[in-house]
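**Student:** The annotation compositional bias 'Basic residues' is assigned in TrEMBL to A:21-34. Annotated domain 'ABC transmembrane type-1' per TrEMBL: A:106-301, in sequence order. Among the features that TrEMBL reports, region 'Disordered' is placed at A:1-37. If you look up TrEMBL, you'll see A:41-64, A:105-129, A:141-163, A:175-196, A:217-242, A:278-301 marked as transmembrane segment.
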Amino acid sequence: MSAPAPTLSTTRSTPDGRARSAARLRAPRRRRHSADRPRRSVTLTLLTGLVLLYSLVPLVWLIVSATKTQEGLFGSFGLWFDGDFALWENITRTLTYDGGVFVRWLFNTLLYVVLGAGGATFLAVLGGYGLAKFDFPGRRAVLAVVIGAVAVPGTALAVPTFLMFSGLGLTNTPWAVIVPSLISPFGLYLMWVFTSEAVPTELLEAARIDGAGEARTFFRVALPLLGPGIVTVSLFTMVATWNNYFLPLIMIKDPDWYPLTLGLDAWNSQASTAGGEAIFDLVITGSLLTIVPLIAAFLLLQRYWQSGLAAGSVKE
Amino acid sequence: MTNTTRRLMRGVGLLCAAVLGTTACGGSGGDDSGGEVSASDVRAALEKGGSITVWAWEPTLEQVAADFEEKYPKVDVELVNAGTGNDHYTALQNAMSAGSGVPDVAQIEYFALGQFALTESVHDLAAFGADEFDGTFSPGPWNAVRASGGVHALPMDSGPMALFYNKDVFDEHGVEVPTTWDEYVDAARALHEADPDVYIANDTGDPGLATSLIWQAGGRPYRTDGTDVTIDFTDEGTTAYTGTWQKLLDEDLLAPVTSWSDEWYQGLSDGTIATLAAGAWMPANFESGVPKGSGSWRVAPLPQWKEGASDSAENGGSGLALPTAGENRELAYAFARYATTGDGVRARVDAGAFPATTEELESEEFLGTEFDYFGGQKANEIFAESSANVSDGWSYLPYQVYANSVFNDTVGKAYVSDEPLAEGLKAWQRSCVEYGREQGFTVNE
């Protein structure tokens, strides 16, 4: 943990920033309190413990189940290991089943995340910066549109989007998943608020006075200050794209272009047809493999997820 | 302007399909030239080569596609699993409405074929010379693909019913394997009394099973003549079914487990579900989904409604149809023909599929196959006999996919409340009548 105090001024008004700074601010104080009075709230500890258990049980179940054979899945207690430990065998079979189609789906998902979520983050950063730091007519109207867009669930847009892409002849191609993923109203909103707080206008003015063009000002001065916001937005868009199910479901019919979500669903529904092969063990192992990259991304990006680079750079 | 209109039409079609999960929105067939396709056209197409897309979930087709490509090197078959059952039909209907991405060949179950045939979304293969296969297929599937006049698919497999039972469970509790449905109820009582965890079967409301058993009992609730439809769930056969099934429901003798769920596989594995009345395609599912039950399960003829009778019915089964909006119909027909007759069938039977062709059904090799899973039993003898005993005159609704989708909203009540099963069927009938009329059918009750 870094020193908590200077983070406050810059992240005051981002929703996440506020919660985090508040937590950081409170943390040392509570420690001091508990040093004075070593009595802790039992109720609160129990409650948080319950919530922790509630959120961890599915994960534990998934990990435990991934070590079982299909026979073991039906024959043993769900939250404990079965006699034979089949995790490695399951992983191998998951990666090789049906000509290694799982690996193909993994690459598809990565493609959608890199192009879709990456593009969405890039556009959100550009848009957020523009809206926060440039004054132009119609800014309030844009604000209304963005807030409105945040409120529209993606599911409601799915059918119109499908019709549009069908008209463009893009259904059943990767573009049908990538292009809609490029738009992230919430990401734009987040970058907008973050930029207006994290990048002092004085700093930009100073850069301009020193003769830097707009592009240079953005890339050399503003962008480095936006790191925490960019990481936050990219995590959001990444998770959204990684887990996206409904959009690819209606857009893509060719299993060669399935993302992992659709692929696993297809494997799962194999068990429910005459003549289909039930592969619950592979569905479970595949699900575990699917969430590993997300967990890794969170752990790796966590350290960038802090703010305060520009703290104290200008007098307020 | 025309463009806008066309897009609007597509939109309406798509919404119909997406929202209701079914079709019958009216004939939105593609550009069907409607011309005849002769055997020499097909031969020429095979020599010229090209590629076709096949939408099917049936796993044995992989081998067939590979064999076909080897036999005709210039032809490329792309096999796509676009979902199974209803997912598949929704996707197919969406593609047909959108007018793009329609496969050249599609697997369609017999119960769902009517709606595609009626809207002329699939080719009438009689124009391709499919009449030559009269007598090639067993009567059940052949009647099923000819139900709406013409030949709307080539039968790929069939599902003559049999009773699968867990011999170990029956032996353990000293219960005889039932040969009539009355004995079945007695066996259900005896098993459940001996071990309260054991149920004779699972059922939470399965339209496929209900219609198949009504079929076997001689009930003919659906009659279709073009767009003229009659639905009547009060005939003698239907009453026989509701009477018996009501006893099982009243005495809580059916496990409240939905078929094809993981709980169901678990019940079949651990012996708490003791029997299963299903189609002859079930052995493959047993082998992959219930490995632990190997050696415990056996096959018996389906219990009879009247003692000494030998009636049977179909449950499941599907054919290969050619969507009219697909391209390259000559190659598509060649593939469908290859997969459903001749060498394609042998490859599929070897991979565990149950055929629809009389030649295979009557061959010594097929009948003599010993199933290790069923303790070395020659199960195909029972299936083949069942196939020959399927009673005729059955037809599904032209919108059976929709009907099945509302089964649990209507008949399902009988499974979770005191409402009688017969009342549930009446509610199902009302719901289907109403929907049919909305879709422009003339529906009589």
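Placed from the backbone N, Cα and C atoms, the Cβ positions cover glycine too.
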**Student:** Report, as numbers and ranges, every residue of the chain located at least six residues beyond the transmembrane segment (A:105-129) whose Cβ falls under 8 Å of a Cβ in that stretch; write 'none' if there are none.
**Tutor:** 174, 177-178, 181-184, 187-195, 199, 218, 222-223, 226, 229-230, 233-234, 237-238, 240-242, 244, 248, 257-263, 289-290
**Student:** Please report, as numbers and ranges, the same-chain residues at least 6 past the borders of the transmembrane segment (A:141-163) whose CB is under 8 Å from any CB of it.
**Tutor:** 131, 171, 180, 185-186, 188-189, 192, 246-247, 250-251
**Student:** Select the range from A:41-64, A:217-242, A:278-301 that forms the most Cβ-Cβ pairs under 8 Å with the transmembrane segment (A:175-196).
**Tutor:** A:217-242
**Student:** Can you work out which residues elsewhere in the same chain, 6+ from the ends of the transmembrane segment (A:41-64), have a Cβ less than 8 Å from its Cβ atoms?
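**Tutor:** Sequence-remote neighbours of the transmembrane segment (A:41-64) are 78-81, 284, 287-288, 291.
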